[in-house]
Amino acid sequence: MIQDGIKKIIQREDLSETEMSAVMSEIMSGEATDAQIGAFMGALATKGETFEELAGAARTMRRKAARIQVTSPVIVDTCGTGGDRKGTFNISTTAAFVVAGCGVTVAKHGNRSVSSQCGSADLLEALGMRLDAPAEVVEEAIGRIGIGFLFAPLFHGAMRHAARARKEVGVRSIFNMLGPLTNPAGANCQVLGVYAPQLTEMFAQALRLLGARRAFVVHGQDGLDEISVCAPTRVSELDGGLVRTYDLQPELLLGRKADPEDLAGGDPGVNAKITRDVLGGAIGPRRDVVVLNAAAALIAAGAAEGFPSAVRNAEESIDGGKAIEKLEALVRYTNEN
């Protein structure tokens with residue numbers, strides 16, 4: 001199948017969702033050679049991925065993943081693609097604790113850094129969390145605390161079959177896009193940041209095919225793969241099976257804008273301090289961007305009607321100490337179990 005897929009893509013023909021799923025199944029079962037995987041990655045990147053192809057690949061990766069069971073009917077993830085190369089602190093991971101502090105179930109999917117100094121896993125490790133906690137501990141944490149961290153390598157073992165080809169080719173490919181679409185807990189409400197504006201609709205349509213309930217796929221005009229407080233943000237919102245795209249203006253939501261340097265992060269130690277400061281109630285642009293991204297997640301989860309009430313709820317999660325309590329509880333639980 002992969003040979004047929006390569007030939008079709010080289011001719012600039014798109015694969016159907018079913019065809020892509022079959023190709024990825026071959027790759028993730030170890031049946032494709034490194035040369036075939038490399039050729040496939042390069043050809044697809046040159047042609048450009050479609051949302052059907054993205055959904056087909058994600059569907060296979062979900063099927064191959066180790067799964068955890070979460071009883072909540074609403075499960076939020078704030079995992080994005082990464083790769084914006086903006087050097088910010090870990091906004092979406094910090095926002096996840098704010099969301100959990102509002103009583104919404106969060107299954108945060110993530111990994112170590114690929115292109116930045118500090119990925120979500122690097123941050124949480126610096127905050128004291130045990131990354132290699134068994135799946136059952138993560139499952140229990142989500143059930144008891146309301147938040148857990150799903151460290152991607154522990155759940156997506158089938159990706160090892162593409163690892164060597166990805167390393168040897170060394171360019172961004174469809175594999176870099178799949179993380180936010182393959183949450184092992186089956187998250188159905190998402191805020192998903194992407195590294196390029198043309199990806200917002202593509203990811204939103206892929207989430208629609210994959211059965212997501214509601215999602216905000218976002219890219220700031222300043223290049224941020226989050227909802228930005230420095231510039232308008234392009235949003236493709238999935239709701240009720242329909243996708244609409246529009247711009248969010250931070251000054252209309254918060255009454256102010258920030259400068260990009262205000263959101264700068266650093267290594268895991270630096271970012272851990274920033275996260276603790278924000279969750280501890282520090283005021284400023286870092287708090288603003290976390291609150292805005294958490295607010296979108298609360299709307300996606302149905303925990304708020306619109307941004308004004310969602311922003312208030314997010315601020316109360318921080319100021320009432322609930323957000324940092326969730327962080328401390330998760331760190332403690334992963335180390336004691």
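Yeah, the Cβs are placed from backbone N, Cα and C, and that goes for glycine too.
Note that the structure is predicted; figures quoted are calculated from it, not measured.
Going by Swiss-Prot, these are the annotated features:
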BINDING   Gly80, 83-84, Thr88, 90-93, 108-116, Ser120  5-phospho-alpha-D-ribose 1-diphosphate binding site
BINDING   Gly80, Asn111  anthranilate 1 binding site
BINDING   Ser92, Glu226  Mg(2+) 1 binding site
BINDING   Arg166  anthranilate 2 binding site
BINDING   Asp225, Glu226  Mg(2+) 2 binding site
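Annotated features, which come from Swiss-Prot, shown on the structure.
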residue	record	Cβ neighbours (10 Å)
Gly80	5-phospho-alpha-D-ribose 1-diphosphate binding site	29
Thr88	5-phospho-alpha-D-ribose 1-diphosphate binding site	23
Ser92	5-phospho-alpha-D-ribose 1-diphosphate binding site	28
His109	5-phospho-alpha-D-ribose 1-diphosphate binding site	26
Asn111	anthranilate 1 binding site	18
Arg112	5-phospho-alpha-D-ribose 1-diphosphate binding site	17
Arg166	anthranilate 2 binding site	18
Asp225	Mg(2+) 2 binding site	24
Glu226	Mg(2+) 1 binding site	28
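Ranking the binding-site residues Gly80, Thr88, His109, Asn111, Arg112 by the distance of their Cα atoms from the Cα of Glu226 (Mg(2+) 1 binding site) places Gly80 first. Using a 10 Å Cα-Cα cut-off from Asp225 (Mg(2+) 2 binding site), the binding-site residues that qualify among Gly80, His109, Asn111, Arg112, Arg166 are Gly80.
When the Cα atoms are compared, Gly80 (5-phospho-alpha-D-ribose 1-diphosphate binding site) and Asn111 (anthranilate 1 binding site) turn out to be 11 Å apart. Rounded to a whole value, the Cα-Cα separation of Thr88 (5-phospho-alpha-D-ribose 1-diphosphate binding site) and Asn111 (anthranilate 1 binding site) is 16 Å. DSSP classifies Arg166 (anthranilate 2 binding site) as helix under the three-state reduction. Cα-Cα distance from Arg112 (5-phospho-alpha-D-ribose 1-diphosphate binding site) to the residue listed as 'anthranilate 2 binding site': 16 Å (rounded to the nearest whole number). Mapped onto three states, the DSSP output places Gly80 (5-phospho-alpha-D-ribose 1-diphosphate binding site) in coil.
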